[in-house]
Amino acid sequence: MNTTFPAVYGPVNSWRYGRSLGIDPIGAISTCSFNCVYCQLGEIEHLSGDRQIFIPTADILRELAQFAPWEVDVITLSGSGEPTLAKNLGEILEGIKKLTGKLTLVLTNATLLNDAQVREELSLADKISVKLDGLWPDQLQRINRPIAGIELEQILTGIQTFQQEFTGELSVQTMVLQPWDQTTENRYLELLSLIKPTEVQLNRPTRPKPLQRELEGRGNHTGTPYGDRPVTQIKCVDGQTLQNLAKKISGAIGIPVRCAPVKVL
């Protein structure tokens with residue numbers, strides 16, 4: 001382990017969750033089962049679906065203690081990849097709650113939700129946000145670029161199973177890269193009716209994608225926090241289009257739908 005790597009970062013201001021302190025259980029080498037085309041970390045360095053302990057729980061909690069009295073709304077597990085890949089996820093969540101008493105949130109791509117152990121550990125959090133960008137198998141491959149063996153049907157089954165077991169708040173987060181036609185909107189409504197989330201969050205990329213690993217990608221920065229380092233500009237929908245879509249979806253399903261503020265860029 002790189003002992004100089006900061007596993008706790010922020011606080012950052014989130015339009016979704018307020019003032020949030022970040023916990024990174026993955027570590028210095030970005031590790032994920034997705035390699036999303038818009039990822040703010042840059043290209044993922046280690047593509048994997050295997051769970052392991054990246055940073056010992058005691059090290060994370062020791063660092064977290066230095067942030068007392070934790071004047072934040074929520075403590076969020078995300079960071080340098082997919083947090084459910086951390087085999088000590090449950091220990092970390094238990095430790096955070098015991099140490100701080102704060103609400104906990106995990107941002108996940110839902111690729112491991114068919115694993116009963118992962119679902120049990122995630123259930124220790126107060127809030128879970130699952131990613132749903134690809135509404136069809138080909139979209140999943142094109143936008144999220146998962147590791148081999150990950151299929152959309154498996155992800156959807158895992159989310160539905162988890163929702164049936166989870167007593168906290170489950171939100172669906174979707175990155176909208178281009179305007180949706182009616183077929184896409186109908187498909188999204190169909191999937192939401194199966195998942196039955198507490199809330200839907202529509203997002204769009206707020207900055208370019210760096211071409212190499214960027215630690216700054218963990219924060220909620222806007223603009224270009226990468227200086228003169230190489231980036232890829234991402235074409236996406238404008239804020240007003242996103243807001244209009246949010247109103248349509250909310251009106252159709254009766255579930256709260258929020259979206260990134262128009263002036264986020």
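Every residue gets a Cβ built from N, Cα and C, even glycine.
Database features (Swiss-Prot):
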| type | residues | note |
| --- | --- | --- |
| DOMAIN | 16-252 | domain 'Radical SAM core' |
| BINDING | Cys32, Cys36, Cys39 | [4Fe-4S] cluster binding site |
| REGION | 204-230 | region 'Disordered' |
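Cβ neighbour count for Cys36 ([4Fe-4S] cluster binding site) (all protein chains, 10 Å cutoff from its Cβ): 20. The binding-site residues in question are Cys32, Cys39, and the one with the fewest Cβ neighbours inside 10 Å is Cys39. Per-residue confidence over the domain 'Radical SAM core' (16-252) averages out at a pLDDT of 91.
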